[in-house]
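**Q** This structure is in C-alpha cells; I'll ask about it shortly.
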Amino acid sequence: MVWLVAMTSRQRSLCGLAAHGLWFLGLVLLMDATARPANHSFSRERAANRDENEIIPPDHLNGVKLEMDGHLNKDFHQEVFLGKDMDGFDEDSEPRRSRRKLMVIFSKVDVNTDRRISAKEMQHWIMEKTAEHFQEAVKENKLHFRAVDPDGDGHVSWDEYKVKFLASKGHNEREIADAIKNHEELKVDEETQEVLGNLRDRWYQADNPPADLLLTEDEFLSFLHPEHSRGMLKFMVKEIVRDLDQDGDKQLSLPEFISLPVGTVENQQGQDIDDNWVKDRKKEFEELIDSNHDGIVTMEELENYMDPMNEYNALNEAKQMIAIADENQNHHLEPEEILKYSEFFTGSKLMDYARNVHEEF
C-alpha cells in the first residue's frame, strides 16, 4: 500500500515575510563575487536515460540515500533541500539569480523569520521536499501506467508489461506479443532474461493480496517506486543486502558494505576514487546506518535508513546538513554560511569569498 506522511501547513504574517524577503534580497544584491557552477552532466544524462526507459524501475530514486545497486546517492542532500527546484541551479544559471533563489529558499525554511535555520526547521523542510518528490512520482506514474495499459481497463498483466518492456529494448512489439500469446520461447539474450526474472520478482511483490498478477495504477507505482510502499521497501532492502552480503547471513558487516565494486580501475586516479568510495561508505555505515553501533547492519536498520519519510532520519540529516556549514558553531544555519557552502546545498558554488558578505553588509 502506498503511503505518505501528510505535511502540516505553515503560515506566517505577510508583513513579516515581506520584510524578511527584502532583508535577504538586499544581502544578495551586495554580492558580486564570481561563481563556479557545478557539473550536472551526470544528472542530466540520468534524467535523459530515465525518459527513454520510463516503464523500467529506475536505479536512482529521488530523496533516497542508496541507489538500487547499493551505491550512495551523491545528489541526496541537494534533492531533499531543493526538491523540484534542482534544475534551477544548473551550470547555465546566472550566479546572482541563483543566489537570489537560494535566499528565497532560506526564507521559506526559516519559518520563525529569525534569520537562521534550526534543525527542526530543516527537518520539516526535508520532509516537505521528500513529499514533493513523491507527488512528482505519482504524477509521472499516471503517464507511465497509460503506456503499459493501452486498453485502459485499469489493470496491467505481467505479459502486457513484458511486451512493452521488450519493445523498449528494441524488439518488435507485435512479434513479441504473438510469441507470448502462442506460448513460444522468446528469443532474447541471457542478460535480458536475467532482467526479466528480476522484474517478475518485483512484479509479484507489488501485487497486493489477493494476488492476481494484475497491477493497478497504485500497484504499478509501488513497482516503479518501492521507496513509498512499506512492503516494497522491504523487498528493495532485501535485494540490496543480497547483492552486498558475502557470507550469506542476511546482514551487512562494514567490510561487506565498503567492498569495492567489480571492475575497479588500477591506475592512481582509480585508486583515489576507490579511497573516496571506502571513506564515504565507512562514514555512512558507522554514523547513520548502524544505529546501535554494533558493527552489523540488519535489514531493519537498512530499511529505517532508506525510508524517505522517516522523521527521525530527517532530523539526523538536518543536523548533519547544518553542521557542514555551521562555522560559528551555534547549531543553526545562517545566510552567510549557506552561501559559502552553496555547493553542498545546490551543487553550484555561488560565491568564492563569503566573508565579503558580512564585511559589505
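Yeah, the Cβs are placed from backbone N, Cα and C, and that goes for glycine too.
Residues or ranges marked as domain 'EF-hand 1' in Swiss-Prot (evidence: sequence analysis): 97-132. Per Swiss-Prot, phosphoserine is recorded for S98, and the stated evidence type is similarity to another entry. According to Swiss-Prot, the domain 'EF-hand 2' annotation covers 136-171, on the basis of sequence analysis. What Swiss-Prot lists as phosphothreonine is T192, T216, T264, T298. The Ca(2+) 3 binding site annotation in Swiss-Prot covers D212, E219.
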**Q** Using all protein chains shown, find which of the modified residues S98, T192, T216, T298 scores highest when you count other CB atoms within 10 A of its CB.
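**A** Result for the most crowded candidate: S98.
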**Q** How do the residues of the domain 'EF-hand 1' (97-132) split into helix, strand and coil according to DSSP?
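**A** The domain 'EF-hand 1' (97-132) comes out at 27 helix, 1 strand, 8 coil.
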**Q** Taking only the Cα atoms, work out how far T192 (phosphothreonine) lies from T298 (phosphothreonine), in Å, as a whole number.
**A** 31
**Q** Round to the nearest Å and give the CA-to-CA distance linking D212 (Ca(2+) 3 binding site) with T298 (phosphothreonine).
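**A** With the alpha carbons as reference points, the distance is 32 Å.
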**Q** Can you give me the Cα-Cα distance between T216 (phosphothreonine) and the residue listed as 'phosphoserine' in Å, rounded to a whole number?
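**A** A Cα-Cα distance of 41 Å.
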**Q** Please list, in sequence order, the residues in the chain of E219 (Ca(2+) 3 binding site) that are at least six apart in sequence and whose C-beta is under 8 Å away from its C-beta.
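**A** Non-local contacts for E219 (Ca(2+) 3 binding site): A206, D207, N208.
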**Q** Pop the Cα-Cα gap between T298 (phosphothreonine) and the residue listed as 'phosphoserine' into the table, whole Å please.
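**A** The Cα atom of the residue listed as 'phosphoserine' is 41 Å away from the Cα atom of T298 (phosphothreonine).
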**Q** Three-state secondary structure of T192 (phosphothreonine) from DSSP?
**A** helix
**Q** If you draw a 10 Å sphere around the Cβ of D212 (Ca(2+) 3 binding site), how many other Cβ atoms fall inside it, taking every protein chain shown into account?
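**A** A 10 Å sphere around the Cβ of D212 (Ca(2+) 3 binding site) contains 10 other Cβ atoms.
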**Q** Does DSSP put T298 (phosphothreonine) in a helix, in a strand, or in coil?
**A** coil
